[in-house]
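Asker: The structure that follows is given in the form of structure tokens.
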Amino acid sequence: MIRRWLTSRLYDAFLVCAFFVSAPRIFYKVFFHGKYIDSWKIRFGVQKPFVKGEGPLVWFHGASVGEVSLLAPLLNRWREEFPEWRFVVTTCSEAGVHTARRLYESLGATVFVLPLDLSCIIKSVVRKLAPDIVIFSEGDCWLHFLTESKRLGAKAFLINGKLSEHSCKRFSFLKRLGRNYFAPLDLLILQDELYKQRFMQIGISSDKIHVTGNMKTFIESSLATNRRDFWRAKLQISSQDRLIVLGSVHPKDVEVWAEVVSHFHNSSTKILWVPRHLEKLKEHAKLLEKAGILFGLWSQGASFRQYNSLIMDAMGVLKDIYSAADIAFVGGTFDPSVGGHNLLEPLQKEVPLMFGPYIYSQSVLAEKLREKEAGLSVNKETLLDVVTDLLQNEKNRQAYIEKGKSFLKQEENSFQQTWEILKSQITCMKI
């Protein structure tokens, strides 16, 4: 008991220190980009969320857009088979809240930003909502949120779980902390055997662990709609044009691609830049201007009829807009401090996939894609040649599309396995 109390106090102290270290950056985003203004009351516990109705409650949580989006087939199936349950969906980012509201409010879910995990804030929220089940998407577990839910009798599960090599080393160094952090989870449903070994390395019993594959490979029919014609018409791309979508790009990705794009003088090659963070839009624009690349902004009504390069300065459209592409690149993979983003979205839209050398956030998946030749790993030196070959060779592009479809087909049972495990837990509960 004393050890648990001490761990909680040290964890609180760490969060407070982290807040003060990040404060200048946070206030910069508030005053110059208007971020966090709509969510600060809930984040700091000033305003408590309210869930309508009666019945058992399941609380889903994911860090941001990607983690929240993968919950879609799960919530749809849950609603079909257990309609008496109420849903709560939380996320740590405003973009994630925007996405969750778009996807889940029509299912009756209550969506809000996760309050800070300080014991004096989150515990009162958990007590008010009193969830029967808490489900964490991929790995965004928060200690006080988890332990308070368990104290109140909730079941807690991790789905599509993963643990990076960096996090594994950190928790291995603090093995007791790692065990305390994840031990309250009743089940860990993981993407791969490698992640299983890492969780066991930090002290999690193998009895709690199931390996089902990556849920992101599952394509719900309603989510797999390919709107290629719709987006190409909206972007004003002709049938002769070739479109490269650069998704979730960071400034370092832009620097590398700007050099390559400057070689494309052919007006039939169009480039759509989709920033990961809209608050860095000015930085992206300056990099393109420095490289002498003329571009327009989507928000200002620009299209490919006027420009060969467009910046998509809108939220929540990337996954859909991949369908318009002839080639797709996933950003964050030329930035060693980021380590990549969702590699599967282009494949789900039947588009050839490229990614850079820094992909440690999804290293296992990246290696599988390389082995199956379902994705192209490029670096600064090879990028121009690879892109040129794909643009000029439709047969090669189609080959990568077919390999991508085959890869997804082989992996698509991951969702069904995950659902069967969760379903067995739901039906055993006495509500």
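Just so you know, glycine gets a Cβ as well, placed from its N, Cα and C.
Just lifted these from Swiss-Prot, have a look:
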TRANSMEM  5-27  transmembrane segment
ACT_SITE  Glu67  active site, proton acceptor
SITE      Glu138  site 'Transition state stabilizer'
SITE      Lys216  site 'Transition state stabilizer'
BINDING   Pro275, Arg276, Met315, Gly316, Val317, Asn342, Leu343, Leu344, Glu345  CMP binding site
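What's the neighbourhood like for these features in this structure?
Answerer: Secondary structure at Glu67 (active site, proton acceptor), as computed by DSSP, is helix. For Glu67 (active site, proton acceptor), the count of additional Cβ atoms within 10 Å of its Cβ stands at 25 [all protein chains shown].
Listed in sequence order, the residues of the same chain lying 6 or more apart from Glu138 (site 'Transition state stabilizer') and placing their CB within less than 8 Å of its CB are Gly62, Ala63, Gly66, Glu67, Leu70, Leu158, Ile159, Asn160, Gly161, Lys162.
Secondary structure from DSSP puts Lys216 (site 'Transition state stabilizer') in a helix. Listed in sequence order, the residues of the same chain lying 6 or more apart from Lys216 (site 'Transition state stabilizer') and placing their CB within less than 8 Å of its CB are Gly66, Leu70, Asn160, Asn342, Leu344.
Under the DSSP three-state reduction, Glu345 (CMP binding site) is assigned to helix.
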Asker: Using DSSP reduced to three states, classify Pro275 (CMP binding site) as helix, strand or coil.
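Answerer: Where Pro275 (CMP binding site) sits, the three-state DSSP reduction gives strand.
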Asker: Measure from the Cβ of Met315 (CMP binding site) and count the other Cβ atoms within 10 Å, all protein chains considered.
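Answerer: Taking all protein chains shown, Met315 (CMP binding site) has 13 Cβ neighbours within 10 Å.
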Asker: Using CB atoms and a 10 A radius, I'd like the single residue among the binding-site residues Val317, Leu343 with the highest neighbour count.
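Answerer: Highest number of other Cβ atoms within 10 Å: Leu343.
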Asker: Go through the chain and flag residues at least 6 beyond the ends of the transmembrane segment (5-27) whose CB is under 8 A from any CB in it; none is fine as an answer.
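Answerer: Long-range Cβ neighbours of the transmembrane segment (5-27): 36, 116-120, 143-144, 147, 177, 180.
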